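Novice: What follows is a single structure, and I will ask about it in a moment.
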Amino acid sequence: MELGVSSQLWLWLLLLLLPPVPGREKESGSKWKVFIDQINRALENYEPCSSPNCSCYHGVIEEDLTPFRGGISRKMMAEVVRRKLGTHYQIIKNRLYRESDCMFPSRCSGVEHFILEVIGRLPDMEMVINVRDYPQVPKWMEPAIPIFSFSKTLEYHDIMYPAWTFWEGGPAVWPIYPMGLGRWDLFREDLVRSAAQWPWKKKNSTAYFRGSRTSPERDPLILLSRKNPKLVDAEYTKNQAWKSMKDTLGKPAAKDVHLVDHCKYKYLFNFRGVAASFRFKHLFLCGSLVFHVGDEWLEFFYPQLKPWVHYIPVKTDLSNVQELLQFVKANDDVAQEIAERGSQFILNHLKMDDITCYWENLLTEYSKFLSYNVTRRKGYDQIVPKILKIEL
């Protein structure tokens, strides 16, 4: 016997009111709702930088210089120089001068390259540039003193500058990078070529990490890899401080792997080292999805990279890492979109011109707070440009 129209309507209403059968919900709508909602909120609140130059980062310069708006006196600068917290530089009549001491000559050389690129447009000034890994001006220090450092946490007043590694002086990795990481312009080209060879659909879906044990925060991922190698391929390599297998958690050190070969993998992990990790910017250019562990350590460009928009944020203790990996595997299109946004940001807003631009803007703004005329110190040598290297 056929049902009447009214009976059919009641039947449909009854079906709509019944609870769903367990296990039949769409994963993106239920199991992964928390992550999907976080991504949607992040995108709603995100304002892309459309500027063609480094003005995307101007807010970082303003914030870093805020403690010194009362002025930097000759007496304050003399005290900063005396304390040997960094290398003392002077710019006078568009020439660069430096004290003879530099703890890491290749790092100083990387810094000097960028200053010399823009020195013709800079006013007279002097500054102390820290080329150690660690920042020097904790916020409890009174008064705050002007020290330039490449990386810091929110607990420091150091003024961030683009690291020397954009040109030279990065950590040496034998045998693949014996001269150290550098030449960001050339690295960009190599990574873009590798990314083209490994489009998203061809990439290995095992999460990947290779690096030395510069921080024990990396340990949980290494241990997870040993437990579940299909989910994560993570191993420790040697560094200059390596003494025994204790430094690689009881296993032989793995071979170092070129950054371009990381592009074979969909999911790449970034950890802090002693301070911020130099690999971070490189990983994005693989077109892979970056898993960024912790949010404490910063470089000047980090604030413009947003969690869930450009990368996947991971808790410092990695307690949520397995769930996050399961999420991206179950939501491949979402993962690819985040990877593409991260890659495009670095391609568009972290070019070599942006680095040079940031140096010029930073030093120009900083010079406005010096309340005295700079005079050249005796015994300081003039720094002149070096011959350009054209390949890695």
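The backbone N, Cα and C atoms fix where each Cβ goes, and this holds for glycine too.
According to Swiss-Prot, the protein has these features:
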ACT_SITE  ASP133  active site, proton donor/acceptor
BINDING   TYR177, SER212, ARG218, VAL274, ALA275, ALA276, SER277, PHE278, ARG279  UDP-alpha-D-glucose binding site
DISULFID  CYS49-CYS56  disulfide bond
DISULFID  CYS54-CYS357  disulfide bond
DISULFID  CYS102-CYS108  disulfide bond
DISULFID  CYS263-CYS286  disulfide bond
CARBOHYD  ASN53  N-linked glycosylation site
CARBOHYD  ASN204  N-linked glycosylation site
CARBOHYD  ASN373  N-linked glycosylation site
MOTIF     389-392  motif 'Prevents secretion from ER'
SIGNAL    1-23  signal peptide
Novice: Pairwise over TYR177, SER212, ARG218, VAL274, ALA275, ALA276, SER277, PHE278, ARG279, annotated as binding UDP-alpha-D-glucose, what's the top Cα to Cα distance to the nearest Å?
Specialist: 22
Novice: Of all the recorded positions here, CYS102, CYS263, ALA275, CYS357, which one's CB has the most other CB atoms within 10 A?
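Specialist: For the recorded positions CYS102, CYS263, ALA275, CYS357, the Cβ with the most other Cβ atoms within 10 Å is CYS263.
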Novice: Rank the recorded positions ASN204, SER277, ASN373 by the number of other Cβ atoms within 10 Å of each Cβ, and give the residue at the low end.
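Specialist: If we count Cβ atoms within 10 Å for the recorded positions ASN204, SER277, ASN373, the smallest count is at ASN373.
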Novice: Return the single residue from the disulfide-bonded residues list (CYS49, CYS54, CYS56, CYS108, CYS286) that has the minimum number of other CB atoms within 10 Å.
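Specialist: If we count Cβ atoms within 10 Å for the disulfide-bonded residues CYS49, CYS54, CYS56, CYS108, CYS286, the smallest count is at CYS49.
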Novice: Given the recorded positions CYS102, ALA275, CYS286, find the one whose Cα is closest in space to the Cα of CYS49 (disulfide bond).
Specialist: CYS286
Novice: C-alpha of CYS357 (disulfide bond) to C-alpha of ARG279 (UDP-alpha-D-glucose binding site): distance in Å?
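Specialist: So the alpha carbons of CYS357 (disulfide bond) and ARG279 (UDP-alpha-D-glucose binding site) sit roughly 22 Å from each other.
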Novice: Under a three-state reduction of DSSP output, how is ASN204 (N-linked glycosylation site) classified: helix, strand, or coil?
Specialist: strand
Novice: Where the distance is taken from Cα to Cα, which of the disulfide-bonded residues CYS54, CYS108, CYS286 turns out closest to ALA275 (UDP-alpha-D-glucose binding site)?
Specialist: CYS108
Novice: Taking the Cβ of ASP133 (active site, proton donor/acceptor) as reference, which residues of that chain separated by at least 6 in sequence fall under 8 Å from it?
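Specialist: For ASP133 (active site, proton donor/acceptor), the qualifying residues are SER151, GLY273, VAL274, ALA275.
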